[in-house]
Amino acid sequence: MNNNVNTEERKLFKENFDSFDVNGDGRLDIKELATALRSVGFHLTQKDAEAIHAQADRDGSGYIEYAEFERLIVAHMKEPYTKDELIEAFNIFDENKSGKISAQELKNVCMQAGDKMKASELEEIIQEADINGDGELDISEFSNMLLSGQKHM
């Protein structure tokens with residue numbers, strides 16, 4: 001396991017891993033991994049998914065076990081987001097293209113991704129990142145939220 005990951009982060013990673021492990025076998029196949037990555041905003045071809053899977057599958061089992069998943073996520077988190085990636089992620093959440101992300105939009109995207117967060121948890125995320133206090137996230141607030149989360153990992 002990665003020593004740069006705290007207990008809370010590890011718990012979140014495990015919850016995500018388990019939600020993507022559709023068949024509950026404790027490992028991700030290529031299809032499950034691709035679904036997981038697409039749900040967080042990656043636009044992957046099958047070839048991309050296969051390449052990421054092959055890179056992450058360190059033991060050559062053909063599956064991604066939790067430890068391999070954690071290494072993959074931590075490695076990606078160390079890479080800074082580009083401006084285009086931030087805009088792309090924002091646009092995924094901004095379903096009505098209003099230029100702001102509401103708690104409902106955040107909930108909708110999380111539900112589509114299989115995330116089981118409670119409405120109160122999502123509202124708390126919005127409140128913490130909502131600098132101007134309007135109850136929604138604009139691109140700047142959203143970017144700051146992602147970038148500050150990245151610095152803590």
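Going from the start of the chain as shown, residues are counted 1 onward.
Any Cβ shown, glycine's included, is placed from N, Cα and C.
Not measured: the values here are computed from a predicted model.
Feature annotation from TrEMBL assigns domain 'EF-hand' to 8-43 (among others).
Annotated domain 'EF-hand' per TrEMBL: 44-79 (among others), in sequence order. Secondary structure by DSSP for the domain 'EF-hand' (44-79): 24 helix, 2 strand, 10 coil.
Each residue of the domain 'EF-hand' (81-116) gets a DSSP state, and the totals for helix, strand and coil are 21 helix, 1 strand, 14 coil. Sequence annotations record features per position, and here TrEMBL assigns domain 'EF-hand' to 81-116 (among others).
For 117-152 (among others), the entry in TrEMBL reads domain 'EF-hand'. Broken down by DSSP into helix, strand and coil, the domain 'EF-hand' (117-152) contains 24 helix, 1 strand, 11 coil.
Residue counts for the domain 'EF-hand' (8-43) under DSSP, split into helix (H, G, I), strand (E, B) and coil, are 23 helix, 2 strand, 11 coil.
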